[in-house]
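Following: one structure in structure tokens, then a few remarks.
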Amino acid sequence: MPIVMARDLEETASSSEDEEVISQEDHPCIMWTGGCRRIPVLVFHADAILTKDNNIRVIGERYHLSYKIVRTDSRLVRSILTAHGFHEVHPSSTDYNLMWTGSHLKPFLLRTLSEAQKVNHFPRSYELTRKDRLYKNIIRMQHTHGFKAFHILPQTFLLPAEYAEFCNSYSKDRGPWIVKPVASSRGRGVYLINNPNQISLEENILVSRYINNPLLIDDFKFDVRLYVLVTSYDPLVIYLYEEGLARFATVRYDQGAKNIRNQFMHLTNYSVNKKSGDYVSCDDPEVEDYGNKWSMSAMLRYLKQEGRDTTALMAHVEDLIIKTIISAELAIATACKTFVPHRSSCFELYGFDVLIDSTLKPWLLEVNLSPSLACDAPLDLKIKASMISDMFTVVGFVCQDPAQRASTRPIYPTFESSRRNPFQKPQRCRPLSASDAEMKNLVGSAREKGPGKLGGSVLGLSMEEIKVLRRVKEENDRRGGFIRIFPTSETWEIYGSYLEHKTSMNYMLATRLFQDRGNPRRSLLTGRTRMTADGAPELKIESLNSKAKLHAALYERKLLSLEVRKRRRRSSRLRAMRPKYPVITQPAEMNVKTETESEEEEEVALDNEEEEQEASQEESAGFLRENQAKYTPSLTALVENTPKEHSMKVREWNNKGGHCCKLETQELEPKFNLVQILQDNGNLSKVQARIAFSAYLQHVQIRLMKDSGGQTFSASWAAKEDEQMELVVRFLKRASNNLQHSLRMVLPSRRLALLERRRILAHQLGDFIIVYNKETEQMAEKKSKKKVEEEEEDGVNMENFQEFIRQASEAELEEVLTFYTQKNKSASVFLGTHSKSSKNNNSYSDSGAKGDHPETIMEEVKIKPPKQQQTTEIHSDKLSRFTTSAEKEAKLVYSNSSSTPFSGPTATLQKIPNTHLSSVTTSDLSPGPGHHSSLSQIPSAIPSMPHQPTVLLNTVSASASPCLHTGTQNIPNPAGLPRCRSGSHTIGPFSSFQSAAHIYSQKLSRPSSAKAAGSCYLNKHHSGIAKTQKEGEDASSYSKRYNQSMVTAELQRLAEKQAARQYSPSSHINLLTQQVTNLNLATGIINRSSASTPPTLRPIISPSGPTWSTQSDPQAPENHSSPPGSRSLQTGVFAWEGEVENNVYSKATGVVPQHKYHPTAGSYQLHFALQQLEQQKLQSRQLLDQSRARHQAIFGSQTLPNSNLWTMNNGAGCRISSATASGQKPTTLPQKVVPPPSSCASLVPKPPPNHKQVLRRATSQRASKGSSAEGQLNGLQSSLNPAAFVPITSSTDPAHTKI
């Protein structure tokens, strides 16, 4: 594109200059300022860092723009400046346009600044950024204007000076307090206390009351980082960027005093939480509500969906920011007047950290001098790059070579100065030359009457005031994503009296800026009086006007990604390169004009330019008001259509014969503004809404039918096109189901070329539009026949509406549809909710497409699904931050034994509906004779159904061949008992043996945060069992006293805690949850053990291997001394433990037991167990030796009764012989609970001091179980190493266990 700097500057003819001005005006990086728009100011584009565009770099290179970075290293700032043609100079150089520093500036450096040079700090900014100075300033404002008016900080004390006051306050309220150093950042030196004795008084610190009721999202604490730009302190001008960051802690919030030292729970600083192992980062810049860092807009949209008033919240946040800066305004403005030679030399970007409590009241935590610009995640780059680019644009870098400031500029322009910059008015030495030039420009444009113009308002103003007024208005025109929160017509009335720096600039700016708004002073003053009378700093709802709602809509909108910005700028650039219409290529005689004509044309052109900017801003704001509710469609256009003003210009040119003034004046005539009508309580009828939606779809179809144009076929372009077409496919799939007429959808295959797919998709969309329009016509006919008058009353004028539809662009239709959907709280009017029954069963897999991207062609209209599909949809908005993309599913393992018949009823396994899965599938298994089932693994989330035992089988195979299925299974109980919905439930009495063998071969690893709770639960459970057995009760009475509901509640709590950690799943945590589930099974079977088993059943260990059989011990009468219930329970427990030991031993040594059923060599559990046992061989040997020595030292002198005898069978396993009385009835063997591997050490039960019970050692104190062959043999012979020990009681003997 031709630019003025690339041409030969020797040609100084007037025609050449005019052409150069025209070319320069079209450049995307130039915005013209000054009275006659003669001073070029550089416009920054955030997407420039993605590509090396010479068209953007050429401006900075032509003017030799430069920067230097001192005492900091900001890669983002360096990248943006370099991409716009700046070059970096040495830190000691004085020829620069920008000095970016990380510390405060010395006064002598500020005095040497020229008018074109800028620095990123004001003098004495530490009045805000040092915590002690900020506290002092806020306290001073509280004393002056009242405590409640400036109650924006928690109760704070400065130690050691105010230590006595702090102790006095602590004695009244002993809540937690937070200690912060007065001059630190990134969470360094911050800790919590609950006693004054814990504070070190060696240095100055700040102690603030800890806000113990923060607003939580998914039970996690968070704060908000806000970016505040101040361009001037005299007059005070404050901007707030529309996007920020919500930073989450990595540990769920708990008010308990035991967690007071957990910084990952109470501190939200990124520098602190990134060190946590639970920190989650998001790699997709379009996903803003996942991980430990959200965008502020995503947080606000979430709160709005939860029913919170985000408009009032952001009004309170603006109130907090303005009051904070006003508290330090006097000191900083005084320093600027003393040290800074030019008002525009300094600007400052502050980082405000705000915490929101449960009542939606924002609290100021701190103000950062140089907020972090590090981009550790794509979301950081998107937000911070856009913010920095918009900030540089607002500040306004004049395109001027910094080397020019060394020479004294002449009073009048010379040839050399005009050659270096022909578009900038020559300036004298400061300060008179700039004022003279501005005054001349202002006098020449005194006839301007449009809104926002200076017009006749310059009368009575000094030169400096005129210059300040012009600069503030131009800054606001270039604000981009920044929102000016002070001064505005509302905030000036509320906070103007708080200003302490008494100068005329603030008053002049307020009166001149807002004089065309009528007289809102009375209503605003009434609102302020009401607020003052109430004594509360909160803004009343009545005073929240339309501007506050507009600001809230801007804060809630999603920020465009850099890729979308790049494509939009490229499309606008292509439009600018098209041939100009006759309006531009005027006859040569039009260049010869008087000065008055030129000024009049310039006024009209400026009016048109400002109106176009205002219309664009209003359109953007209206588009971003879209509601993020469940059924609101997100309609975002990727490519803006060519403006229709060109066709209007052509028609006017042909009719008027070249009178440009009349042409452009006629374009100012107001047109039918449908959005404004909707905002003014107007509404569309249902037919009109469908007509508008059909017109929007037609625009999308036309865009699909267009060629790719000059677009280069790259991988990124193809991916974006594919993604956008996928969204149209998803829309057609869902929308076609709601049509009353049948429509056959033949969607293109993904194997086709992109252009072919676009053509087919456009054809299908056209067929859909035809059917859709027919249904709309039928609806209109029904309405006319029924003569429903309210439709005509609700709808707008039909003629104007049809004219609007004919002329509206895609963006305008999108804005109307978005606002209409937000206003009516539903999108069902576009497609309805009617769906034929034949289509209800259609389910489309949409998991492959991404949603909610601002650059997509269109978003699918979300229709309320049928009832039968409501449970299958994914609703993960609230939990999306902590859920991973892949879900762990349970594995169903069943074994086959052909020798043993199965006479019980078949078990049907059905899949439990899972909210994390996109659909529900039912898996029905009907095992034949000899089949039984067991779940080898369980999901991380366990339902809280009580666990019931199943009927014991006579003989069950000991090994299983794995068969994998997905999902968690529901197992109907053959005995008619309630279903057990836990994944660890087993069919068959000993099917948990396989899980036990699998668990014994693994190493347990739990997070430190979960150890305490798990240990406490297990210890409490076993101590409760021992206490019950101590009282000599039998099994049935013990089960009656045992409160199973408490175990169920604890199990549910543990399951919820583990489910919250699904983003960092661990198979070891699942194993622990399985053991707690089995524990519930074991306790629930006791009270049914005597009645559920035939008297002939008594399982013991056979000499030949792990085969369960029923057998009587001939030595039973000799050793009989136990009650029937205790004896039976004891026998079953030891038999089960022996089976586990035997199987683990056989797997570790490789000696296969002689049994008619041999496990397959490819068994998953066998290979996994052998692998894990081999890895733990050396460690387990040492742990076994230590455990054996410890227990032998403790129990060496003890003598145990000979009630049970354990004998070893050579290499084949262990045999347990139990003695029972001849008249004793055997009981059912319960489901044995297998503890975690870390608790399966060689353990000898410790005899109680009173010889009435056998205590079980705490799980956390037991060493890891050995897996080697030697460890198994030695452990079973000398240490009595069962898998888990169940206490046995007797009313006569102190113990019944014999080694």
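Here the Cβ of each residue, glycine as well, is placed from N, Cα and C on the backbone.
Here's what Swiss-Prot has on this protein:
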- 62-407: domain 'TTL' (DOMAIN)
- K180, R186, G187, S208, R209, Y210, I211, K221, F222, D223, T268, N269: ATP binding site (BINDING)
- R186: protein binding site (BINDING)
- D353, E366: Mg(2+) 1 binding site (BINDING)
- E366, N368: Mg(2+) 2 binding site (BINDING)
- 378-488: region 'c-MTBD region' (REGION)
- 589-626: region 'Disordered' (REGION)
- 597-617: compositional bias 'Acidic residues' (COMPBIAS)
- 832-853: region 'Disordered' (REGION)
- 838-847: compositional bias 'Low complexity' (COMPBIAS)
- 918-941: region 'Disordered' (REGION)
- 1088-1130: region 'Disordered' (REGION)
- 1104-1130: compositional bias 'Polar residues' (COMPBIAS)
- 1217-1275: region 'Disordered' (REGION)
- 1217-1230: compositional bias 'Polar residues' (COMPBIAS)
- 1258-1275: compositional bias 'Polar residues' (COMPBIAS)
Spatial neighbour of D353 (Mg(2+) 1 binding site) that is closest, considering only the binding-site residues G187, R209, I211 and their CA atoms: G187
Residue pair E366 (Mg(2+) 1 binding site), R209 (ATP binding site) - Cα distance, angstrom, rounded: 14
Around the Cβ of the residue listed as 'protein binding site', the count of other Cβ atoms that are within 10 Å: 12
Same chain, 6+ residues apart, C-beta under 8 Å of the C-beta of R209 (ATP binding site), given in sequence order: P154, Q155, T156, D173, G175, W177, I178
Candidate nearest R186 (protein binding site) in space, where candidates are the binding-site residues I211, F222, T268 and distance is Cα-Cα: T268
Segment confidence, the region 'c-MTBD region' (378-488), expressed as mean pLDDT: 69
Local backbone state of K180 (ATP binding site), from DSSP in three classes: strand
Number of other Cβ atoms within 10 Å of the Cβ of T268 (ATP binding site) across all protein chains: 26
Where R209 (ATP binding site) sits in the secondary structure, as DSSP reduces it to three classes: strand
Integer Cα-Cα distance in angstrom, G187 (ATP binding site) to N368 (Mg(2+) 2 binding site): 12
Cβ neighbour count (within 10 Å, all chains shown) around I211 (ATP binding site): 19
Tertiary neighbours of N368 (Mg(2+) 2 binding site) (same chain, Cβ under 8 Å, six or more apart): T129, S185, Y350, G351, F352, D353
Residues satisfying Cβ distance under 8 Å from K180 (ATP binding site), sequence separation of at least 6: K131, G189, V190, I205, L206, V207, S208, E366
